[in-house]
Amino acid sequence: MPTESGSCSAARQAKQKRKSHSLSIRRTNSSEQERTGLPREMLEGQDSKLPSSVRSTLLELFGQIEREFENLYIENLELRREVETLHERLAAEGQAIDGAELSKGPLKTKASHSTSQLSQKLKTTYKASTSKIVSSFKTTTSRAVCQLVKEYIGHRDGIWDVSVARTQPVVLGTASADHTALLWSIETGRCLVKYSGHVGSVNSIKFHPSEQLALTASGDQTAHIWRYAVQLPTPQPVADPTQQTCGEDEVECSDKDEPDIDADASSDCPTIRVPLTSLKSHQGVVIAADWLVGGKQAVTASWDRTANLFDVETAELVHSLTGHDQELTHCCTHPTQRLVVTSSRDTTFRLWDFRDPSIHSVNVFQGHTDTVTSAVFTVGDNVVSGSDDRTVKVWDLRNMRSPIATIRTDSAINRINVCVGQKIIALPHDNRQVRLFDMSGVRLARLPRSSRQGHRRMVCCSAWSEDHPVCNLFTCGFDRQAIGWNINIPALLQEK
């Protein structure tokens, strides 16, 4: 007899394995005992590559979905009984309901009116009954337009960080793995200044709150403060790109579609090679740095598991903030108070309070199950943290036991940023997506990403510029470019 070839046999085994795996998460509807007992035991006995915790979570989610649809089924049965009752009432009043009688004048009007009421009731009931399912998955549809305005191309390696100047003239800053930081004209996309004082990857860039100073952190174990002076070029008319509605139906593209950006746009702009001040004390990569309120002190975060507070004028170390068990990933300062938050690979982030010079308190926030990639302040007493565990959590600083909102996503979260005035969170993902959420965890929009626009590799960071007339959101990533977006915030919030 003919025997199966090796490839056919392997394909059949793979198909049977997929079939058995798909059966392992199927729920039956025969009885409550079967739903809660036997299938779970059968699942635990099935051969699966999924961790037991993940499989348990899947079972719970499927159970919730099943219960929601059971409720819908019961409500549909009740509506059907109401329809039958309506028909019986019409028949009792001596009014036939067949097609011939419905064509008559008075009866046609009354039946049509009753049918219209019933149709409206069905729609209302359906919306109410499905709202729980919709809200449980935190999904919303948005008709707000997210328009790509400008691309900033000139780095020769991935861009780790993006920031917007707080003083006039307002410029865009990018920090790259190519050992440089660039300042850009937001309107024209032209490179204005190149900083090349670091000998390692430039991991972050932040602008001084009141002076033309920039603070950069680098893999060379230092943070530099350097002064810049720029003159903005004359704005050119901005072409109106095709507007796209934010949604989940954008055309995907692969990395091979990445545009050719080998041209060095920074080659003809002024170059700064020597810092004004160099902050040295770390024994590892300095992954982030930020200014404290007032700009007289700066904080740095390093892979040596410490954060350091420096005096900007003297470059002296004021405090060394120790306590994290693993490498730090980010640091952020409060816009109006002497507060610092640091995040770490140890799955926690810490709040450092320097408001009282004699007391330097620290609070530890535990709520993530993987690396906390960033934690940022919002207006008031809230902190938003993002993690590689694919969640974002909103915290109240007065109650750190549990978050007040949790956002669950399908990809790891990188450096997040919050639009303070509108309380909108921008989430850059490893999967090249950038999504917008409100503080309660409701998804507002997704930035367009297709073969024509958007990032083509991992998005590393985002930054809001709330009052800029051209762009109010900037993103950057491993595709070596930064992108300026115009977000129709009023329409976005109206959709919510």
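The backbone N, Cα and C atoms fix where each Cβ goes, and this holds for glycine too.
Sequence annotations record features per position, and here TrEMBL assigns compositional bias 'Polar residues' to 1-10 (among others).
Summarising the annotation, TrEMBL assigns compositional bias 'Polar residues' to 22-31 (among others).
Under the heading compositional bias 'Basic and acidic residues', TrEMBL lists 32-47.
The annotation region 'Disordered' is assigned in TrEMBL to 1-50.
What TrEMBL lists as repeat 'WD' is 152-194 (among others). In terms of DSSP helix, strand and coil, the repeat 'WD' (152-194) has 0 helix, 21 strand, 22 coil.
Among the features that TrEMBL reports, repeat 'WD' is placed at 195-226 (among others). Long-range neighbours of the repeat 'WD' (195-226) within the same chain, counting only residues 6 or more positions beyond its ends whose Cβ lies under 8 Å from a Cβ of the stretch, are 157, 160-167, 173-183, 271-280, 282-291, 293-295, 298, 300-302, 310, 312.
Among residues of the same chain six or more beyond the repeat 'WD' (279-320), those with a C-beta under 8 A of the stretch's C-beta atoms are 161, 200, 203-204, 206, 208-211, 213, 215-225, 326-338, 340, 342, 344, 352, 354, 360. According to TrEMBL, the feature repeat 'WD' maps to 279-320 (among others).
Residues in the repeat 'WD' (321-362) partition by DSSP class (helix H, G, I; strand E, B; coil) as 0 helix, 26 strand, 16 coil. Under the heading repeat 'WD', TrEMBL lists 321-362 (among others).
Among the features that TrEMBL reports, repeat 'WD' is placed at 365-405 (among others). Within the chain, the repeat 'WD' (365-405) has long-range Cβ neighbours (under 8 A, six or more residues past its boundaries) at 329-330, 332-335, 339, 341-345, 347-351, 411-418, 420-421, 423, 425, 427, 437, 439-441.
Helix, strand and coil counts under DSSP for the repeat 'WD' (279-320) come to 0 helix, 23 strand, 19 coil.
Secondary structure by DSSP for the repeat 'WD' (365-405): 0 helix, 22 strand, 19 coil.
Away from its own ends, the repeat 'WD' (152-194) comes close to residues 200-212, 214, 216-218, 228, 230-233, 235-236, 238, 259, 261-266, 269-272, 288, 415, 457, 460-465, 468, 470-471, 474-484 of its chain (Cβ-Cβ under 8 Å, at least six residues beyond either end). Helix, strand and coil counts under DSSP for the repeat 'WD' (195-226) come to 0 helix, 18 strand, 14 coil.
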